[in-house]
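S.K.: Please read through the structure below; I'll follow up with questions.
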Amino acid sequence: MSINNEKAIVVFSGGQDSTTCLFWTKKRFKEVIAVSFDYNQKHKLELECAKEICSKYNIEHHILDLGLLNQLAPNSLTRTDIKVDKNAPEDGVPNSFVDGRNMLFLTFVAVFAKQRGISHIITGVSQSDFSGYPDCRDVFIKSLNVTLNLAMDYEFVLHTPLMWIDKAETWKMAYDFGVLDIIKNETLTCYNGIKGNGCGECPSCKLRKKGYLKFKELYMK
């Protein structure tokens, strides 16, 4: 695999998907920068996970303040008075959905990237396992890519390595990169803020575990 000599920025939460994307990016770009967001999330330990992973692998890391999002979009990830849905509702999106989150994350990262002369931005969204979140869809990413290019008169390229793969294949990607244990033990995907295997009860933990078991069944025989 040839290495792109350009720089790239990863939208990095410290969770399974974005950490997998971080290593995907390290395989493809000469220099990688990680950007995380503090939006008053209850599972703020994910930011500590992000710091630790970046420190361990000598990756430049920035945390941007997006606390205003908590005031604008009530949801179970930022409000202590709202419990996380254990199961996705039949109609509508789960209460863990944060309106505008991915749009704002990618927009702020794009502003950050342009100031540094960087075009490539990587995000871990997936339409295969998107839990009903509209801002994880491929059509949204493609639309935003065009909008950002027009808004800033700049040629951004939004990469979505996980867009069309499920959690089992995401685990397989980590295995192929030699970072399976890091993803399994050092990331935080749980909506209740528990590192590694998580609480086992929230939708994120259930999806992660289901994917891991499928990965073991398909690829670890």
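Glycine is no exception: its Cβ is also placed from the backbone N, Cα and C atoms.
Grabbed the feature section from Swiss-Prot, which reads as follows:
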type	residues	note
BINDING	Phe12, Ser13, Gly14, Gly15, Gln16, Asp17, Ser18, Thr19, Thr20, Cys21, Leu22	ATP binding site
BINDING	Cys190, Cys199, Cys202, Cys205	Zn(2+) binding site
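Describe the structural surroundings of these features, if you would.
M.R.: Within 10 Å of the Cβ of Ser18 (ATP binding site) there are 24 other Cβ atoms, across all protein chains.
Close to Cys205 (Zn(2+) binding site) in the fold, though at least 6 residues off in sequence, lie Thr189, Cys190, Tyr191, Asn197, Gly198, Cys199, each with a CB less than 8 Å from its CB.
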S.K.: Among all protein chains shown, how many Cβ atoms are found within 10 Å of the Cβ of Phe12 (ATP binding site), not counting that one?
M.R.: 31
S.K.: If you skip the near sequence neighbours and keep only those at least six away, which residues in the chain come within under 8 angstroms of Leu22 (ATP binding site), Cβ to Cβ?
M.R.: Val10, Phe12, Val32, Ala34, Ile53, Ile59, Ile122
